[in-house]
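Take a look at the structure below.
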Amino acid sequence: MNKLLCCALVFLDISIKWTTQETFPPKYLHYDPESSRQLMCDKCPPGTFLKQPCTARRKTVCAPCPDHYYTDTWHTSDECLYCSPVCKELQYVKQECSRTHNRVCECEEGRYLELEFCLKHRSCPPGFGVLHPGTPERNTVCKRCPDGFFSNETSSKAPCRKHTNCSAFGLLLTQKGNATHDNICSGSSESSTHKCGIDMTLCEEAFFRFAVPTKLTPNWLSVLVDNLPGTKVNAESIERIKQRHNSREQTFQLLKLWKHQNKDQDMVKKIIQDIDLCENSVRRHIGHLNLTFEQLLKLMESLPGKKVTTEDVEKTVKTCKSSEQLLKLLSLWRIKNGDQDTRKGLLHALKHLKTYHFPKTVIQSLKKTIRFLHSFTMYRLYRKLFLEMIGNQVQSLKISCL
C-alpha cells in the first residue's frame, strides 16, 4: 500500500512539473471538434487577440488589437481590453496607451493617489523628520526625531538632522538642542566668519572671467603676465597653471594668483573695494533667501559636474550665517569643478530646479544674480579696473581677439 502511494505521489509530481514547465510560445489545452482531440495550442502574444484557435492542421491565429485596445500578457482571449480613459485631475500620463499596455496615470510631483483623488503629501512638522518620502502611490511617513537629532522646519522631504557637535568645530556647547532645535555653540558668529571663508566670490570670478578673450592667441597668457603690475607670478606657478587647466581657465587662475600675491598693493585694494560693492548687489539678490537645508541640498544636486556632498552642506549650514550659506556652497562647487564657470553652472541648475517645484522667489532671485554677473555693470567695472590698470597694449590684444 505504501509502495503504491509513493508511486502515485511521484507520478503526480512529474505531471505537475510537466504541466507547469515553461515553453515558448506558451501553450494551452484546446478541444478540437474536427479531430475530437485535446490539442496544445499556442497562446496569443501581448498586443493581439485570439482570432482562431489551432486545429490539427493549423496553428493558432492571432490578430492585432485595434486602436485604444490592448493586451499585456500571453493569453487565450478572443478580445482585447479597452484602455483606461484620460487621466484624472492632478494626474499626468506616465505611459500612453498602446497595443501592449494600458494607459498609466500618475499623480503629479508632491501628491499621491488615495482612492480616486491625488492628495498632497503630508509635511512633517518641526520635531518630526521624514522616515519614508512620499511617492505617487503612498503618503509621506513621519517619525519623531530621536535623542540627538532635530528638525526645525515643516517639510515633506527633510529627515531629522543630527545635533551639531560643537567640539568638532572648536566651540563650546552653550545650550543643548532638542527635537526642534539644534545645539547652540558659543562663539558661533565669530568662528563662523572665520570658518566660512569663501575662496572666491561670485563677483571676483565674473570680473576675472571678463579678462578672458573670446578667441585666445597662443601668447595671450605671456602678454598678460608681462603687463600685470606689482609682484610677478613666477614661472613655476605659470607652468603649473598651464598643466592643470584648459586655455580659457588659465587666465582666470593666473589673475586669482596675482591678486593673492598683491593683496597689499593699492591697485588690488581698489579692485577689492569695487568688488565688495558688487558683492553687496549680489547679496541683495540672494542673501535674504534663507534657504532650508533641503533646498540647499537640492540646488547643489542640480549643479553639473562633481557634487557638493551632503556633509559639506551640513557643515556650511552649521558654520555660516544664512546670508552666506549659498555663496559658500557655490564656492565649494567651483573648487570641486576646477574649470567650470559658476554662472553657467547656475544656468544649468535653473533648468532642473523648475521640475522640483522650487520656490519661484528663489528662482527669480537666482536669475537676477546671473543676469547681473553678466551685465554691462560688470563689463564697466572690468574696463575701469582691469584695462586701465594693465595698459593699452593688452587692451588692443584682447580687442583684436574678440
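Glycine residues also receive a Cβ, built from the backbone N, Cα and C atoms like all the rest.
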Exercise. Can you check which of N152, N178 Swiss-Prot annotates as N-linked glycosylation site?
Worked result: N178
Problem set entry | Largest tally of Cβ atoms lying within 10 Å of a Cβ, found at which of the disulfide-bonded residues C44, C62, C160 | C44
Exercise. Residues of the same chain, at least six outside the repeat 'TNFR-Cys 3' (106-142), with any C-beta under 8 angstroms of its C-beta?
Worked result: 88-92, 94, 149-161, 179-180, 355-357
For this session: Starting from the Cβ of C41 (disulfide bond), draw a 10 Å sphere and report how many other Cβ atoms land inside it.
Result: 22
For this session: State the residues, same chain only, that lie 6 or more residues beyond the ends of the repeat 'TNFR-Cys 2' (64-105) and have a CB under 8 A from a CB inside it; answer 'none' if no residue qualifies.
Result: 25-26, 28, 30, 41, 43-51, 53, 111, 116-118
Seminar exercise, completed: Rounded Cα distance in angstrom between C185 (disulfide bond) and C105 (disulfide bond) is 50
Problem set entry | Three-state secondary structure, which DSSP defines for C54 (disulfide bond) | coil
Problem set entry | Helix, strand and coil counts within the repeat 'TNFR-Cys 1' (24-62) (DSSP) | 0 helix, 20 strand, 19 coil
